[in-house]
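This report concerns only the one structure given below.
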Amino acid sequence: MAIQDNPSHNDYLRRMTFAAFLKSGSLASEEETYHSDGDHHNHGVGKQNSSSTNSDSQRPSNASSASSDSSSPIYPLSPWNQTYYPNNENTTSFTSASQSPWKQTCSPYHKSPWVYQTRNSDFEDDPDNGLIGTVVRQEGHVYSLAASRDLLFTGSDSKNIRVWKDLKDYSGFKSTSGFVKAIVITGDNRVFSGHQDGKIRVWRGSKKNPERYSRVGSLPTLKEFLTKSVNPRNYVEARRRKNVVKIRHFDAVSCMSLNEDLGLLYSGSWDKTLKVWRLSDSKCLESIEAHDDAVNTVSAGFDDLVFTGSADGTLKVWKREVQGKETKHVLVQVLMKQENAVTALAVNLTDGVVYCGSSDGTVNFWERQKYLTHKGTIHGHRMAVLCLTSAGSLLLSGGADKNICVWRRNDGGSHTCLSVLMDHDGPVKCLTAVEEAEDDGDNHGEKGDRRWIVYSGSLDKSVKVWRVTDYA
């Protein structure tokens, strides 16, 4: 399904953010390269579109590209009212030292790694849809997001996990090593973080001081690890002449998913395995050699099913079954096998729909009938789909093309593109959505429509907050 430009968003201007303005002069010569580190994308994405990805990632920022063309129009020079005209190929940049009324040479927030910006002007035509605000991190990229009630957790390559409340810096905690590639939150206020170094760390907020988080353990526990390491049968070959205990990941933990009804946590890794953990005692119940290449994404689904996608191009379905005295996950179906890497998964639990994003920019989906049946392919991205999230009848997809597509599932099973959110300057790496609570004065519920707050993390070092509705 082709994406149509939304004319309502082409008629008004997009303001240049304060942080971008301050960077425009001093940092215009410093080109960001989003693909220089192989860890910045899902493993296996480079199977296709590598040339276009590299060329696109090195494209200068809209706010940083200066033009010496004398025919370029002159626009207002206020540091808070600079605008970018998307229909004009020429853009103009201004230095903070020459144009600021106070001759500022650096941001007043330069000592803080984060700058929060609010942009309400984009809501004048449609206050229910659009960009709410931006949190910019001055170093490092955002790899993972998780939302719980009124809190937002963000993970980056600086090993930090920041906690936000009402989009204000609320708390934070830092691990000793490893990029934070995945975050999940349980109902008992535990936070599980998956890292580049193969470790899963466990954190918990204090009851007396909710702003304080402390590390309470790791997966596997030290006791279990030492117990298993005594028996040679508990070892597997990781690399040539190197054996490791099989209950621990020996490569990056790329994804995690919760099934709180069963009390299970699933973790996928670049070591090609899927591991199953029991939440009550942090015990590793299973270590499954799931794929022939890195596991990029895992999602707990309906009917006790678990879905895994890999750089080997396969999407597999696992089911928890009783075998004798044990309960194990067995492979029940391979939904897809292709050349392109599987990079993202999302599950609509209500309607029984599974969405699968690939490195070729497509999203395939299956519906639950007697068996899982392929129902179609959604086309909306020019480059790899890096993340997916389901929100009611909506599906949101983020890609390496820097765009977020908002899709609505219709009654007949078809999908309509409602809008394309375009404000990131780098690949969109992670997405999460929470339903917005209704205020007493709101009347959107009379239409039967739901409003969602969507958080998007990108390799442009920012987290953006959006509001979308079912009728957008």
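Cβ coordinates come from backbone N, Cα and C, glycine included.
Where the annotation comes from TrEMBL, it is an automatic prediction and has not been curated.
Residues or ranges marked as region 'Disordered' by TrEMBL: 31-74.
Taken from TrEMBL, the feature compositional bias 'Basic and acidic residues' covers 32-42.
According to TrEMBL, the compositional bias 'Low complexity' annotation covers 54-73.
What TrEMBL lists as repeat 'WD' is 246-287 (among others). Only residues 6 or more beyond the boundaries of the repeat 'WD' (246-287), in the same chain, are considered here, and those with a CB under 8 A from a CB of the stretch are 39, 42-43, 178-179, 181-184, 186-187, 190, 192, 194-200, 202, 217, 219-221, 224-225, 228, 234-236, 238, 293-300, 304, 306, 308, 310, 318, 320, 327-329.
Feature annotation from TrEMBL assigns repeat 'WD' to 288-319 (among others). Through the fold, the repeat 'WD' (288-319) approaches residues 42-45, 47, 251, 254-259, 262, 264, 266-276, 329-347, 349, 352, 354, 356, 368, 372 of its own chain, all at least 6 residues removed from its boundaries and within a Cβ separation under 8 Å.
The repeat 'WD' annotation in TrEMBL covers 335-367 (among others). Sequence-distant contacts of the repeat 'WD' (335-367) (same chain, six or more residues past either end, CB-CB distance under 8 Å): 42-49, 293, 296-302, 307-317, 373-390, 392-393, 395, 397, 399, 401, 409, 413, 415.
Summarised by DSSP class, the composition of the repeat 'WD' (288-319) is 0 helix, 20 strand, 12 coil. Summarised by DSSP class, the composition of the repeat 'WD' (246-287) is 0 helix, 24 strand, 18 coil.
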